[in-house]
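Here's what Swiss-Prot has on this protein:
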| type | residues | note |
| --- | --- | --- |
| BINDING | H117 | chlorophyll a ChlzD2 binding site |
| BINDING | Q129, N142 | pheophytin a binding site |
| BINDING | H197 | chlorophyll a PD2 binding site |
| BINDING | H214, H268 | Fe cation binding site |
| BINDING | H214, F261 | plastoquinone binding site |
| TRANSMEM | 40-60 | transmembrane segment |
| TRANSMEM | 124-140 | transmembrane segment |
| TRANSMEM | 152-165 | transmembrane segment |
| TRANSMEM | 207-227 | transmembrane segment |
| TRANSMEM | 278-294 | transmembrane segment |
Amino acid sequence: MTIAVGRAPAERGWFDVLDDWLKRDRYVFVGWSGLLLFPCAYLALGGWLTGTSFVTSWYTHGIASSYLEGGNFLTVAVSTPADAFGHSLMLLWGPEAQGNFVRWCQLGGLWNFVALHGAFGLIGFMLRQFEIARLVGVRPYNAIAFSGPIAVFVSVFLMYPLGQSSWFFAPSFGVAAIFRFLLFLQGFHNWTLNPFHMMGVAGILGGALLCAIHGATVENTLFEDSEQSNTFRAFEPTQAEETYSMVTANRFWSQIFGIAFSNKRWLHFFMLFVPVTGLWMSSIGIVGLALNLRAYDFVSQELRAAEDPEFETFYTKNILLNEGIRAWMAPQDQPHEKFVFPEEVLPRGNAL
């Protein structure tokens, strides 16, 4: 007599069916992260294209900011709401627009729409990298690296204005608008002298340098494994052997610097660590600016420059430049304040 012992098949619920459908092998992977990524990315991009095409900033900044008004790709923007609205979410059905779409656009509601959907879209993209890494069976360092751009976006577009009086002081979504924001950060926060900005610059430029050095070194040490003039055709994605000589690369840089990477894993981790850490440091610095924290103030140089007309340093010159940015930028940047500065209070260099 034969006795078959088995387990009854577990019932598949709606969650299992949905999980199978989301993770099905298709040209563009969806996944659970796609439920957040695709709608948010679509709405953020659509809101930006709509705003830059048709929506004016006359009611919020007193400027033209759309293609419809004569702007071009470098000058159009989705502008921040007016200063008077504070940190309102600017919902379409909220007390500001009261369900009127045209009024909502005029008051700057599209900026909140693009900023919030953009932030969640970026988070969805990072979760997508986590999800695919788990399914493929690789480590999640791509997702961890992408936390750097997310930190910068959230700190600049959300944390900074939350620390200030309103969304008005966040950057608008446009090329020239971002440049204006950079000048604003310099004039009102002396951002370039901030150590976190310095670490950010070192990280980004250092990452670019490492990338250039690594790419050039690999190209220099490719194995001569083809008779063709084009070395790229000699590579096969599934080949088992190395395509370049790490030993030769190590000898080359050892002769130049006296020191070189001998471990590929450490080398590539360093290429990940430098730029991502720079982005994180910049984000921390922006949060500090949101709280109006000061960085370096060399008061002794300022006092001596005030007492001695012949004493001047690059620091004191930059302080004067910052005063100039504030004095001349504020009336243009914040027309609602109706600033009027008489000529005698505008900054002048010691030599004038």
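Glycine too: its Cβ is placed from the backbone N, Cα and C atoms.
Here the features listed in Swiss-Prot are painted onto the structure.
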{"residue": "H117", "record": "chlorophyll a ChlzD2 binding site", "Cβ contacts under 8 Å, 6 or more apart": "C40, A41, L43, A44, G47"}
{"residue": "Q129", "record": "pheophytin a binding site", "Cβ contacts under 8 Å, 6 or more apart": "P140, N142, A143, F146"}
{"residue": "H197", "record": "chlorophyll a PD2 binding site", "Cβ contacts under 8 Å, 6 or more apart": "W191, S282, G285"}
{"residue": "H214", "record": "Fe cation binding site", "Cβ contacts under 8 Å, 6 or more apart": "L267, M271"}
{"residue": "F261", "record": "plastoquinone binding site", "Cβ contacts under 8 Å, 6 or more apart": "N250, W253, L267, F270"}
{"residue": "H268", "record": "Fe cation binding site", "Cβ contacts under 8 Å, 6 or more apart": "none"}
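Residue environment of N142 (pheophytin a binding site) contains 15 other Cβ atoms, counted within 10 Å of its Cβ in all protein chains.
A helical conformation is recorded for H214 (Fe cation binding site) in the three-state DSSP classification. Cβ atoms under 8 Å from those of the transmembrane segment (124-140) belong to residues 23, 29, 31-34, 36-38, 40-41, 146-147, 150 of the same chain, restricted to positions at least 6 beyond its ends.
Long-range contacts of the transmembrane segment (278-294) within the same chain: residues 147-149, 151-152, 154-156, 159-164, 185, 189-191, 194-197, 199-204, 206-207, each at least 6 residues beyond the stretch ends and with a Cβ under 8 Å from a Cβ of the stretch.
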